[in-house]
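> Would you mind keeping the following structure in view while I ask a few things?
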Amino acid sequence: MSKCLQQLKRQLQHFGIDGCSLADGDIDYFFTVTGIDRGWGCGWRNIQMLISWLQYTNPNWFKRNFSSGNYEINSLQSLLLSAWMKGIDAEGYAQLGDNLHGKWIGATEVYSLFTGLFVNVALVDFDFRSEASASNALFLYVKKHFESSNDTSNVSPCYLQFQGHSIIIIGFCSSLETLVVLDPDRYQSVQKKFVNIADFNHCYMRKKRSLKFSQFQLVHFKQNIFLNDFSSKLEVRSTRISDF
């Protein structure tokens, strides 16, 4: 499904939901497929969504890096291997190895792939004693991120990793205290024509109670979005938010 943000804005208006700060630009929805990548492909599908956002907001960068227009999973696997060969996250390469077919990836691999494409990536680790503290810190960070819009840079979507799954956050809704998300495992829901607000919220909105984890990893693009050189980012470093 293409141009999800435009469609989402219309649906928010239709249901009278206000107070939502969304990513700038637009984004296409990619989903896992049973028998192909369901169970391991969520990270790759989320990368596709982030690339589509860059295609809308930075078309010249997209043309340089994806001149064929192809960013299927096998192409992304080659890009991740290329980033590792450049020396980015040698530890991750040692763990996953050369054959990425059918392999689940996480936030550090997202960091590595985009760094290899000279995109300036922020990686944030949330590590708390309690699930409530972790979700409170996550929601506060995401709220600030999406409310930081200005005239000189685009506010990007976020990649959110938690136990066993990952999703894309495309906004924050203050009136509902929810994350606005695209879940690569919820194709049927996203494709629906919503007739009531409950179904719409179930598909796109995530409250704290639906994210009961004590650890999260978040990836987003920085406001100075491109790098001239990534030699200082070969080792994966994160911002740690914790109560330990």
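Cβ from N, Cα, C; glycine included.
So Swiss-Prot says this about it:
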type	residues	note
ACT_SITE	Cys42	active site, nucleophile
ACT_SITE	His165	active site, proton acceptor
ACT_SITE	Asp183	active site
> Cys42, His165, Asp183: which of these active-site residues has the sparsest Cβ neighbourhood within 10 Å?
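Result for the active-site residues Cys42, His165, Asp183: minimum number of other Cβ atoms within 10 Å at His165.
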> I need the CA-to-CA distance for the residue listed as 'active site, proton acceptor' versus the residue listed as 'active site, nucleophile', whole Å please.
7
> Round to the nearest Å and give the CA-to-CA distance linking Cys42 (active site, nucleophile) with Asp183 (active site).
8
> Secondary structure at the residue listed as 'active site' (DSSP, helix/strand/coil)?
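Assignment for the residue listed as 'active site' reads coil.
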